[in-house]
Amino acid sequence: MVPSTARSAMEVCPEVPVMPSPRQLTQNPLKKIWMPCKNGHPERTISQRKVCMTNCPTLIVTVGLPARGKTYISKKLTRYLNWIGVPTKEFNVGQYRRECLKIYKSFEFFRPDNEEGLRIRKQCASAALEDVRHYLGVEGGQVAVFDATNTTRERRETITRFAEQNGYKVFFVESVCEDPDIIEQNIVQVKLGSPDYTNCKTEEAVEDFMMRIKCYENSYQTLDEVLDRELSYIKIIDVGRQYLVNRVLDHIQSRIVYYLMNTHITPRSIYLCRHGESDLNVKGRIGGDSGLSPRGKEFGKRLKQFILEQNIKELKVWTSQMKRTIQTAEALGAPYEQWKALNEIDAGVCEEMMYEEIQDHFPLEFALRDQDKYRYRYPKGESYEDLVQRLEPVIMELERQENVLVICHQAVMRCLLAYFLDNSAGAAPCHCDPGLSSLPAWQQAAPVSHTCYFLLIFFPCPAEKLPYLKCPLHTVMKLTPVAYGKSCWLLQLGEHSRLFYGMNLIPLAFVIDDKMTGQKEGRGRKTVNVELKCCVFRL
C-alpha cells in the first residue's frame with residue numbers, strides 16, 4: 001500500500017519523472033551546459049547541437065611573425081580539442097589568400113606600401129571571420145582557431161570587437177622566437193611544406209621568405225603585459241623556453257594553456273603497434289589478460305630486429321600493464337615503462353567472450369553497440385568515449401617526448417591514431433591494392449624480406465568512425481608530425497601480406513631527394529602534401 005503522504009505528493013506533483021534504471025544511465029550522453037537563447041527561449045535549431053563543453057563559443061587567435069610555428073600550433077590545437085570532444089575548426093587566412101590569388105609571386109605582395117596587397121589581405125581576413133561566424137553560429141562549432149599573423153594591435157582590436165558583437169570569448173596565442181637556428185629550421189620546413197613554394201628552389205624560397213618576414217617586422221606589436229593586461233593570452237617564447245599566461249577565464253582556456261605547455265616542435269617519430277597475437281586472439285575472444293601465442297612471440301622477435309635496424313635515437317618504450325604487451329616489450333631486451341592508462345578498453349561483463357556469445361547472451365547490448373560504437377559503454381565497462389578521456393594524460397606525455405614506441409591494444413591504438421591524424425575520429429583512406437606491383441619501381445627493386453612498408457594518406461571523417469579504424473596485429477605505424485601535415489607509414493612485420501587486404505593503402509610515387517616528398521590526388525579530394533623524414537623501402 002502506498003502511504004497517504006506519498007499519495008498526496010503524487011497528486012500534487014503528477015509530473016514527477018520516473019528515475020531511469022542504472023543501465024539506462026550508462027548509455028545516456030552528457031547534458032549540455034550551455035544553450036544559446038533568443039528572447040528568453042532556447043533556439044530550436046541550435047539546441048540540437050552536439051554536447052557542449054564550453055559555456056560560450058571561443059575564438060582562438062594566433063599572433064606572431066611568419067616562421068614562428070603558428071600554423072603548426074593551430075593544427076595541433078585543433079586536433080587536440082576535436083579529439084577530446086570539442087568541435088573545433090581552423091581558419092587559415094593564408095589559405096584564403098592562396099584561393100584568392102591562385103599563384104604566389106613574391107614577398108612584394110606583403111610590403112606595407114602595397115595597397116593592393118593590403119586590400120586583398122583585409123578581404124581575406126574578413127572572409128575568414130565570416131566563416132568563423134557561420135561555423136560557431138550555424139554549424140554548431142564550439143571553438144574556432146583564427147590562424148594569421150595578427151601582428152598589430154589595431155588588427156587584434158578589430159578581432160576583439162568582432163568577438164564581442166557575436167558573444168564569443170577570445171584567447172590569443174602568440175609565438176615569439178628570436179633564436180636564429182629555430183627560425184631557419186622553420187623556414188626550411190615551410191619551404192618543404194607550404195603551397196607557396198611548391199615549385200621553387202630551396203635557396204630562392206628561403207630568400208623570399210626572409211624578405212616576407214621583414215615586411216612584418218617594422219609594424220609588429222607584441223602582446224604587452226601592461227597595454228594588453230585585459231586580454232586573455234599565452235605567449236610562447238623560443239618554442240617553450242618560457243611562457244607568459246594572462247587572464248585565463250574558463251575551463252577550455254585552461255586546457256588550451258595546459259596542452260600548449262606540454263608540446264614541442266623537436267623532430268621526432270612515434271611508433272604505434274599492438275601486442276603480438278595472444279592466446280585469446282587465437283580463440284576469438286575479446287579482452288582478458290592472456291599471454292602471447294607462438295606467433296605473437298615470433299612478432300616480438302621481428303619487432304626487435306626492426307627497432308635495431310631503425311637505429312632510433314633515445315627511443316622510449318611504453319606498454320600497458322597487461323601480459324601481452326609486457327611480453328612483447330620484453331622481447332626487445334630494452335627498458336620499458338608500464339602505463340595503466342594504456343590498458344585495453346574494459347569490456348565489463350563481456351570480458352573474454354566471443355562476439356557471437358555476446359549477441360546470444362546480451363542481444364540488446366549487442367544492438368546498442370552496433371548503433372553507436374563510439375559512445376556505447378559495456379555493462380560495468382567502458383566506451384570509446386571513456387577511453388579517449390582516459391588516454392589524455394598519455395597524449396600529454398607523448399607530446400613532451402621525442403621518439404617513443406607505444407605497444408598497446410586495438411581500441412587504445414585506434415584512439416591514439418585518431419589523435420595524431422588531425423581530427424577527432426581518425427581517417428578515411430582511399431583504397432588501392434597493396435601488392436608489390438602497385439609500388440613505385442624504385443621500391444620494387446629493393447631487397448625483399450618479411451617487412452613491408454606502405455605510406456598512408458588520411459582524410460577527416462566523423463568521430464563515430466574512430467572504432468572502425470583498422471589496426472591489425474603485427475603491424476607498426478610510424479607517425480612523424482610536420483608543420484603542414486603528417487607522414488604516416490604502415491609497416492607489416494609478419495609473413496602474411498593478406499593482412500593488408502581491406503586496409504585501404506596508397507603507395508605513392510616519390511621525388512627522391514635529401515628529404516623525400518610525395519604528392520597524390522585523392523579520389524574526389526584536394527591534393528595532400530606529405531613530407532617524409534627518411535626513405536621508405538620494402539625491405
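Using the three backbone atoms N, Cα and C, a Cβ is placed for every residue, glycine included.
Those TrEMBL annotations? Automatic predictions, nothing curated.
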Among Arg229, Arg241, Arg247, Arg324 - the residue TrEMBL places in the same substrate site as Arg274, His275, Gly276, Glu277, Ser278, Asp279, Leu280, Asn281: Arg324
Model confidence over the domain '6-phosphofructo-2-kinase' (53-267) (mean pLDDT, whole number): 91
Among Gly276, Ser278 [binding-site residues], residue with fewest other Cβ within 10 Å: Ser278
Whole-number Å value of the largest CA-CA distance among Arg274, His275, Gly276, Glu277, Ser278, Asp279, Leu280, Asn281, Arg324, listed as substrate-binding: 14
Tertiary neighbours of Arg324 (substrate binding site) (same chain, Cβ under 8 Å, six or more apart): His275, Gly276, Ser278, Asp289, Ser290, Gly291, Leu292, Gly296
Leu280 (substrate binding site): tally of other CB atoms within 10 A of its CB: 19
